[in-house]
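Novice: Pulled these from Swiss-Prot:
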BINDING   ASP25, HIS26, GLY27, LYS28, SER29, THR30, ASN142, LYS143, ILE144, ASP145  GTP binding site
DOMAIN    13-195  domain 'tr-type G'
Amino acid sequence: MARMSTNSTTPLSHIRNFSIVAHIDHGKSTLADRLIQTTGGLAEREMSEQVLDNMDIERERGITIKAQTVRLHYQANNGEKYILNLIDTPGHVDFAYEVSRSLSACEGSLLVVDASQGVEAQTLANVYQAIDNNHEIVTVLNKIDLPAAEPDRIKEQIEEVIGIDASEAVLISAKTGLGIPDVLEAIVHKLPAPKSPGGDKAPLKALLVDSWYDAYLGVMVLVRVIDGVLTKGQTVRMMGTDAKYQVERVGVLTPKMVNIDRLGPGEIGFITASIKEVADTRVGDTITEDKRPTAQALPGFKPAQPVVFCGLFPVDAADFEDLRAAMGKLRLNDASFSFEMESSAALGFGFRCGFLGLLHLEIIQERLEREFDLDLIATAPSVVYKMFMTDGTERELHNPADMPDVVKISEIHEPWIRATILTPDDYLGGILKLCQDRRGIQIELTYVGTRAMLTYDLPLNEVVFDFYDRLKSISKGYASFDYTLTDHREGNLVKMSILVNGEPVDALSMMVHRTAAEKRGRDMCEKLKELIPKHMFKIPIQAAIGGNVIARETISALRKDVTAKCYGGDATRKRKLLDKQKAGKKRMRQFGKVEIPQEAFIAALKMGDE
C-alpha cells in the first residue's frame, strides 16, 4: 500500500465532492474511467474497463452495484491544484439507498445523459434525489460520436422533462476521451466547494458513507468529514450504535488504497479500526471523537428496508452449511440483505431472504452461485403483507406458507408503488393494457416529443413476478421503468395452494388477488402438467383456495401392456389382467411419492414469461 504524507489539510475552496448520476448504460462508469485516466489516478498499465466496478458481475452486466469512490488530483487551467472526490453511484432503482447515501456526501452532481437515447426513468429518479440534496448539477451529454446522437433535441428534452438549464451542457464521448478536459473544468468552476460550519478546530463530525469488508483489514469505512479532523490513533464513537473504536489507519482511494495521516473538513477517505462486522457500521451514522463529541448528530438515514422476500434452498441438502457461510460473507458487504432460516417439506432446509428489489435478488443469487459455487433454487418472490387480525392485533406476512387461518384475519393490506414509465409512443397501447391487467391506477400521462411518460400506482405484488420482463418485451426493450414505494392498501387477497397428488407443495403457494386466482391457478396446473414426468399411476394437480379447488389437470399413468401375451381367446382373461393392473395402480397411488423435478419448480415460478 502506497504512503502519502499530507499533514496540512487541503483548503475547502480547493476540494470538490461530486457524484455521477445516470440511467443504466448511459456511460457513467466509462466517464469515471476517463476522469481517472486524465488526472493520472492510475498508470496506463493498471487501467481496465470500468475500474470502479470491482465485481465480475458488475462488469458483465455493465451495471454498478456498490457505490465506489476515488480521489483525483487535478491542476486546472487557472494554475490552481484541486482535489476532486468522485463517488460513482449505482443507477438501478433497487440500489437507490446506495445512491441516497452517496449523494449526501457530495455538493454537486454530473448528470450524464446518452445523446442518442435521451432522458430515461432512472435518470429522473436519481436527478430528483440529487436536487433534494441541494446539489448543483452539471449536464453532460455522452456518446456524441454515435451517428444517432441528437444533442440539440436531447438538451430541449432535459429542459422540458427535468426542468434544468441544459444550454451549457458539456458534449463528450467517454469512450474516445473527447471533451473530458471540459468536464474537469466544469467540475472546478460550476460545482460548489464543501462547507464546514465548525472548521478543523471543531469537534469531529463525519458522515459514514459506506462500509465494506476486506479480508486482511476487516471492515473498511468510507467517511466524509464535515467538521474537525480525523487522525490515526484517535478513539472514535459511532453515535447511532454507540460503539467505540480506535482508528488504525486513515487513507484515500485513488482508486488504489493510499495511507495518509489525517482527513480534514470536506475530505472523503477511509478508516480501518478492527471492526469485525459491517452491521456495526450503520450507513448514514455520525462518527465523532469519544473524548470530545460533537453536540448533534447529522440528520440520519433510514436503514434499508427489505421489500421483496424469497426462499433460497440448496439443490443438494449437504450444501446447507456452505450456503449459510456464503450468506454471512455477502452480508458483510451488503447490509441491506437479510436472511433467516426456514424449512420446506418440498425443498428441505434453506433461508428466507429479504432484498431491496428484484435486481438485488437476482444479483445476490448469482453471486452465491458464482463466487461460492452453490446450486440454488429460489421460491416465488413475495412482498410483505400487513394482516389485521380479528382480535385487533397486526401481523406481517413474509411467506405465504405461514398464513394463518382465514377466519382469524379481518383484512390484508399490500404494499403499493408509484411507477414512472418512459416509452416511445408506438408501444403505449400495449403498456397501458399491461398496467391495467396488473390492477394499476393511472395517475397521469404526458408527452415529451415522441415519448410518453406514464405515472401509475401499482400493487408491488403484481410487479415482482415478471412485470419488468413483460414491459421490455412489449416495448422491444425501449421502455424504462422506475418506482418508489408509497403505502399499504387493503386488497382482496387470497392464498392459493398447489396440490400434487393431494399433497400441498409449500414452495409453490402464493398470494394472489381473488380476481386473478383462477387464471393463475389454471396456468400453474397446465405448466406443471407439462413438466412433471409421468409416473406408474395417475397424478392429479390442483390449485386450491382454502378447501375449494379452482383448477385441475391430471397426468395420465404410464401403462405396461399386460394383455400383450393373450392371443384371441376369452375376453374375461384380458379383463382379469386389466383389473389386476388397476388394483395395483390404485395401491401405488396411495403410497407412491411424486418426484417433482427441479426444472418444474423453476419453470413454475417463472410463470407468465411467455
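Using the three backbone atoms N, Cα and C, a Cβ is placed for every residue, glycine included.
I'd like to know what surrounds each of these features in this structure.
Specialist: There are 14 other Cβ atoms within 10 Å of the Cβ belonging to ASP25 (GTP binding site).
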Novice: Can you work out the mean pLDDT of the predicted model over the domain 'tr-type G' (13-195)?
Specialist: 75
Novice: With the cut-off set at 10 Å between Cβ atoms, which of these binding-site residues ends up with the most neighbours? Options: SER29, ASN142.
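Specialist: Compared across SER29, ASN142, the most Cβ atoms within 10 Å surround ASN142.
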Novice: If one looks at the chain holding GLY27 (GTP binding site), which residues at least 6 apart in sequence have a CB under 8 angstroms from its CB?
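Specialist: Same-chain residues close to GLY27 (GTP binding site) (Cβ under 8 Å, separated by 6 or more) are VAL112, ASP114, ASN142, LYS143, ALA174, LYS175.
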